[in-house]
Amino acid sequence: APKELQVSYAHKSSELVIGGDECDINEHPFLAFLYSRGNFCGLTLINQEWVLTAAHCDRRFMPIYLGIHTLSVPNDDEVIRYPKDNFICPNNNIIDEKDKDIMLIRLNRPVKNSEHIAPISLPSNLPSVGSVCRVMGWGSITAPNDTFPDVPHCANINLFNDTVCHGAYKRFPVKSRTLCAGVLQGGKDKCMGDSGGPLICNGPFHGILFWGDDPCALPRKPALYTKGFEYPPWIQSIIAKNTTETCPP
């Protein structure tokens, strides 16, 4: 990865993993990294040519790094790709502007499976409340002051009932298209720079990080994830070149 990836600052539009540990280098072959002019996000590889992230991670210039672990020391199989096509779920309701925060990106060239690159499966069912899920990313590992690591951090968090997020964020309309996850006592959370990254529950990808409180990792302040289970028909239709497919209602 180029030197400019060793950033010490990112805008508050991105989110982090606090309270976790360095991910095992072999546990995240599907995890990709987007770095663009001080902003960075996580992405998830779902097949050789397509990745998922949050719609709010969209930028004009979007280099996507795959097969990456240590930002300052490239893996032999690390590659860079750029978006060929981007697809989002349009949502014109300002009140629900964070609803449907998902973007499907076609890479400019396919990637090959390798030691550090492999896709993850889409969900075929909903994870149950109480599930232990895994979050990961290169986001800040401290709060409220940010510290950005050279390696991705991973943490185990719990999946909660939607009412927990309703109670935590009264001003925020938690919809059925979101998953609510965190650690109620605090201390573990996603954070600055983790936006767009995956929520992994029992094997498959189940969510895309799109919103959390600032500062991160406070007690009783879980984060919100776009619910992956709602989107496979939309994703598969677009991949099959039915680009007029409408999003879930």
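Backbone N, Cα and C atoms are what each Cβ position is placed from, and that goes for glycine too.
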CYS23: disulphide-linked cysteine among CYS133, CYS154, CYS165, CYS180 [source: Swiss-Prot]: CYS154
Whichever of CYS180, CYS191 is disulfide-bonded to CYS165 when Swiss-Prot is consulted: CYS180
Per Swiss-Prot, the disulfide partner of CYS247, chosen from CYS57, CYS89, CYS133: CYS89
Candidates CYS133, CYS191, CYS216 - disulfide partner of CYS201 as recorded in Swiss-Prot: CYS133
By Cα-Cα distance, the member of disulfide-bonded residues CYS41, CYS57, CYS89 nearest SER195 (active site, charge relay system): CYS41
Minimum Cα separation from CYS154 (disulfide bond), reported as the residue among recorded positions CYS89, ASN145, ASN161, CYS216 that achieves it: CYS216
Rounded distance in angstrom between the Cα atoms of CYS41 (disulfide bond) and CYS201 (disulfide bond): 20
In three-state DSSP terms, the structure that CYS154 (disulfide bond) belongs to: strand
Secondary structure of CYS133 (disulfide bond) (DSSP, helix/strand/coil): strand
